[in-house]
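Colleague: Sharing a structure here in structure tokens format.
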Amino acid sequence: MALWATSMRRAIPGISKAFLGSNRVLETAGVSQLSKHLLPQWSGVPHRKISASATNFNDKVKESNTPDANAYIRSGHIKAAEHEKVKKVVVVGSGGLSIGQAGEFDYSGAQAIKALRESSVHTILINPNIATIQSSHSLADEIYFLPVTAEYLTHLIERENPDGILLTFGGQTALNVGIQLDDMGVFARNHVKVLGTPISTLKTSEDRDLFAKALNEINIPIAESVAVSTVDEALQAAEKVSYPVIIRSAYSLGGLGSGFANNKEELQSMAAKSLSLTPQILVEKSLKGWKEVEYEVVRDAANNCITVCNMENFDPLGIHTGDSIVVAPSQTLSDEEYHMLRTAAIKIIRHLGVVGECNVQYALSPNSLEYRVIEVNARLSRSSALASKATGYPLAYTAAKIALGHTLPELPNAVTKTTTANFEPSLDYVVTKIPRWDLSKFQYVNREIGSSMKSVGEVMAVGRTFEESLQKALRQVDPSFLGFMAMPFKDLDNALSVPTDRRFFAVVEAMLNQGYSIDKIHDLTKIDKWFLSKLANMAKVYKELEEIGSLYGLNKEIMLRAKKTGFSDLQISKLVGASELDVRARRKRLDVHPWVKKIDTLAAEFPAHTNYLYTSYNASSHDIDFNEHGTMVLGSGVYRIGSSVEFDWCGVSCARTLRKLGHSTIMVNYNPETVSTDFDECERLYFEELSYERVMDIYEMETASGIVVSVGGQLPQNIALKLQETGAKVLGTDPLMIDSAEDRHKFSQILDKIGVDQPAWKELTSVAEASKFANAVGYPVLVRPSYVLSGAAMSVIRDESSLKDKLENASAVSPDHPVVITKFIEGARELDVDAVASKGKLLVHAVSEHVENAGVHSGDATIALPPYSLSEDILSRCKEIAEKVCKAFQITGPYNMQIILAQNPDKPDTPDLKVIECNLRASRSFPFVSKTLGVNFIDVATRSIIDQEVPAARDLMAVHRDYVCVKVPQFSWTRLAGADPYLGVEMSSTGEVACFGKDVKEAYWAALQSTQNFKIPLPGQGILLGGDRPELAGIAADLSKLGYKLYVANKDAAKLLQPTSAEVVEFPVKDKRALRAIFEKYNIRSVFNLASARGKNVLDQDYVMRRNAVDFNVTLINDVNCAKLFVESLKEKLPSVLSEKKEMPSEVKRWSEWIGSHDL
């Protein structure tokens, strides 16, 4: 059987491992009595013989019927569980999105809260991430927008008196704080029960020493390793296990603080850095080049276990799984390997005592049955979100039910409605996950990828073959990727052997253009030859299309072969020299079209009512009927810098309102981390590309009633006009108007026409013209391309010599659209206006104030609402501008404007208001303004878009509020080795957090502590000051009065601070180890670096100061206005921090207490 399965898989291209099934018998309860009576083998073919006792059981359940939960319990073989008697449970969220911990925890936390509410448990969520779905009022009973720290959670527990807490749905943040609270005795003192996996198990899985001992007890092999807590111990350990070694950190996230060391020097600097981030590291023998395989396993308290999904990394061990291409189910494992690792996973989860979901990662030798366990995550993780979406098995929901004491056999599968949760999913399709990196946004960043994660998001594609699935995924990662495509490299062998974010394209280049054999590529990359043979299939079809060279050479056979191999219309059009629309028309004439298939978790072996859908050309029938004519909502696609969970909140809010108003909804999205791709958010969910081709295919097949393009960020906007021009009904604002607002030239002309002020601007066609204009208006100037998200290629230029490079860069971003150059106004304030209109009339709006001056991207800005320093006159002028703009563009739906407030020398009392940007779609601040003001802007926008139950206009800014909410950015600088932590017009934050307070200082104080690893420096500790801003003197004077010891790196900086004195310390810019010793010697716990420009190179003192503050895990403040606000917050809040009498801070309040009602 094993040989048959393996040979069949190799013989039939793309046949999925799980499709062959190969005797995946349910591994269930440890009680032998129970295992005899469970239904055998429903998750694959062929079936095993049924034992007599099992047959008796089947007589009761009737083998022909799909099993159901009640039948299991009625059979008498399984008792219903004793459920946890909890009435009020705290769910701990994960905080702001960062590299290594992203939207997957919004999805898992939201599912957990749904599961608790179903069981009539009162839920209290603590999560400062205001952009999440889980922090919407319709889910948890009460929400605290507060830092997920031991201090704030203790206050919450004392205030709310819960009887249970869930720690496994908030990533590493929740897990770490839970362990901390347990060590402090907070749970025991307050009689709070940790639900699900016990704390002792969490500690064992996180502490590398305990973990190694636990696995040795059951003879499970792990890589030879030594746990250490000092640099000297690390060096001794490396001698013991021998180089090369890998360092892994305890209690860390996404491989933070891990890496490979080939010698003593590399290990010394790496160990020092890792130990500044985490108390313990593991020095382990490197297994680079082995296969990496993962299993997602679920266990309940009655010891029932199932493996939900196994996944295989396309990349060999050595690249963090979060930065790897991952395929599910595994494609290259033999049946023996599959079962060996599956059995080990179940053995591990039982021995550790996990109650809920668990992820086991293995290294598997490519040449033998030898394997090692790399790590176990005894919590929901990024891989669990992927496994859940890949199989359709609601992992987080099931884990939450198990935490309440339910067993797997008694839980119905919430997705299929016909099976129990004790069913192992079976797949008749292939899923491919590819990470998304945004490394090009960062100056000096190292592009190499290794054991520490750097990607900011991921995509998931579903196809019936590996080729189809992979090509879809490649296009989903970035609209500029056509799919299977090559990129040129100066040193191709190096690009293949040293992995970077572009390595895949180096593999294609080697195969397609340089004639490298599969063996040679395998030797350089260690990628399995099975995967490389599939790439060779794609290369063959690619060349075939290239040789045809014309549209009319495309016959049905070649067209079908290309589509089955995953080629898009656009990709084919480039290869045959035609337009995308021509290829589409020819394809339809040849009657080649995609088929809609279900992800039903049962490989169609049982009827399942599921709404998870995908399209494939490797099929011959549809799995569904098209008679609902639903409204399509286009999601936001992959999370990347500039487009993140905020847009998922918008998409889900829109779909929920549509359903509330009686509309059937069709969601199109491909991001496995999102709530929008959850099984119960829409009538139909297409896990599909957000390309013109695929959206139009779905629109035509579904005969949809319309498409909403304004809630998914930039991707849907980019295809809106083309959809409308080819017959689709785009709902809301006319795409021609969207185009006018996106094109900087058209947009500026319209503003001039309606009398709305803007900075001086000019459309550019040559560098000479640009130079002439810049000299006329005076430097600095801002170069802005059209159609961008998060300020890509937008630059402030301060002199003529920089102009040429920047302009060429901007042209590369959007070659079809002209570039506009604008006068950049230094020292101006910036405001955000978020609004909703209906047929050109303003319905609601919010005016938020940036703390930083204009010049910092709005996505990286600290934003306060209600504004804390704006006059009534400025607010009414902002409203007037919002009204003029929505009338001019005839807006129906959401829109956002950025306005700068600049001093007018002629009228000092009346500052100028100039519009610098306008997006005719929802912006990333929509969840923030909605939750702060208590009105869901997307709900209002959706009603406006479909012209149904549109609410009357309201001026929300005229209402007096006795609170302020402050949103601050979450950066992931620690992940991006070498990147300069400097704020500018190009966005670099990966997430956001927001907190409420009685004033801006209190809200900012709480919000800062909500960001990852932010530590408040205490009086008596050292603060290092740097930069050239004159405001440093006043800030230093205040810090000195508060009792901090001040240090500077040179005499010029010391002069700048006068009359406040600061000690000049040695500052070796080239010697990181010596610099670390100086930070330790002077107990430097914070760096205030207020430089007016980026460093010219990596030896620039300000750059070194900022970068090493991040590397040494020291609090960094890098903006003048934020520094001033932070000092004001310290003055107000330090007395209570230092007081021995610990009182409840005034910011510890429920969201409902702040906003006063659930207007949302």
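Glycine is treated like the rest: Cβ placed from N, Cα and C.
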Colleague: Just to be sure I read the record right: Lys823, Ile825, Glu830, Gly855, Val856, His857, Ser858, Gln898, Glu917 are listed as binding ATP 2 in Swiss-Prot. Which of Arg784, Arg954, Arg961, Arg975 is listed for the same site?
Modeller: Arg784
Colleague: Within the domain 'MGS-like' (1014-1160), how many residues are helix, strand or coil going by DSSP?
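Modeller: The composition, in the requested order, is 62 helix, 22 strand, 63 coil.
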Colleague: So of Arg208, Lys285, Arg784, His857, which of the binding-site residues has the fewest other Cβ atoms within 10 Å around its own Cβ?
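Modeller: Each of the binding-site residues Arg208, Lys285, Arg784, His857 was scored; lowest Cβ tally within 10 Å is Lys285.
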Colleague: Quick one: DSSP breakdown of the region 'Oligomerization domain' (479-623) into helix, strand and coil?
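Modeller: Output for the region 'Oligomerization domain' (479-623) reads 74 helix, 11 strand, 60 coil.
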Colleague: By the count of other Cβ atoms within 10 Å, pick out the sparsest of the binding-site residues Ile319, Ile825.
Modeller: Ile825
Colleague: Are any of Arg208, Gln361, Glu375, Ile825, Gly855 (the binding-site residues) within 10 Å of Asn919 (Mg(2+) 4 binding site) when you go C-alpha to C-alpha, and if so which?
Modeller: none
Colleague: Measuring C-alpha to C-alpha, could you say which of the binding-site residues Lys285, Glu292, Ile319, Gln361, Glu917 are within 10 Å of Gln898 (ATP 2 binding site)?
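Modeller: Within 10 Å Cα-Cα: Glu917.
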Colleague: So for Glu375 (Mn(2+) 1 binding site), how many other CB atoms are inside 10 Å of its CB?
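Modeller: Around the Cβ of Glu375 (Mn(2+) 1 binding site), 19 other Cβ atoms lie within 10 Å.
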Colleague: Starting from the Cβ of Asn377 (Mg(2+) 2 binding site), draw a 10 Å sphere and report how many other Cβ atoms land inside it.
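Modeller: Taking every protein chain into account, the count is 24.
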Colleague: For the C-alpha pair, I'd like the distance in angstrom between Arg784 (ATP 2 binding site) and Glu917 (Mn(2+) 3 binding site), rounded off.
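Modeller: About 10 Å separates the two Cα atoms.
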Colleague: Whose Cβ, among the binding-site residues Glu292, Glu917, has more other Cβ atoms within 10 Å than any of the rest?
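Modeller: Answer returned by the neighbour count: Glu292.
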Colleague: Any idea what DSSP makes of Gly855 (ATP 2 binding site), helix, strand or coil?
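Modeller: It is coil.
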